[in-house]
Amino acid sequence: MTSRALLLLASALLGTPGLTFSGLNPESYDLATAHLSDGEQFCQGLTQEDLQGDLLTERERQGIACWSCRKILQKLEDLVGEQPNEATINEAASRVCRNLGLLRGACKKIMRTCLRLISRDILAGKKPQEVCVDIKLCKHKAGLI
């Protein structure tokens, strides 16, 4: 009786190679009856792998933050004009975020948290890239001091 049970078990395992170690049950292994099982277990691995390709690396995330900062500060510099002073910078800062679309939220946060440093840098004649380095949204580039 015991040998018969072992033989039955062995034939079941050999009939579905890899099934024992995959964590799948026979219903999800057979595509014709896969809809009868939970199904989430089968798709979960695919979903996780597919999403991993869409996740941003730290380097990409920093690049996006730096690009956004430069765009925002370039717009601010354009609004401030040729002869910046504290009043023109504050006036421009209050208007700069209005027409930036997707960058509006980031713009508001930058203006709220960093305006004092941004003002100081603009008054010192620094360019948007340099200001973004100072507020730590960009890294130093080669040749930029």
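Cβ coordinates are placed from backbone N, Cα and C, and glycine is handled just like the others.
Features of the protein shown, as given by Swiss-Prot:
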type     : residues : note
DISULFID : C66-C138 : disulfide bond
DISULFID : C69-C132 : disulfide bond
DISULFID : C97-C107 : disulfide bond
DOMAIN   : 62-142   : domain 'Saposin B-type'
SIGNAL   : 1-22     : signal peptide
Alpha-carbon distance [C66 (disulfide bond); C132 (disulfide bond)] in Å:
7
Summarise the domain 'Saposin B-type' (62-142) by DSSP state, stating how many residues are helix, strand and coil.
59 helix, 0 strand, 22 coil
Nearest to C97 (disulfide bond) by Cα distance: which of the disulfide-bonded residues C66, C69, C138 is it?
C69
Please work out the number of neighbouring Cβ atoms within 10 Å of the Cβ of C66 (disulfide bond), leaving out its own Cβ.
18
Below 8 Å Cβ to Cβ and six or more residues apart, same chain only. Which residues does that give for C69 (disulfide bond)?
A106, I110, P128, V131, C132, I135, L137, C138
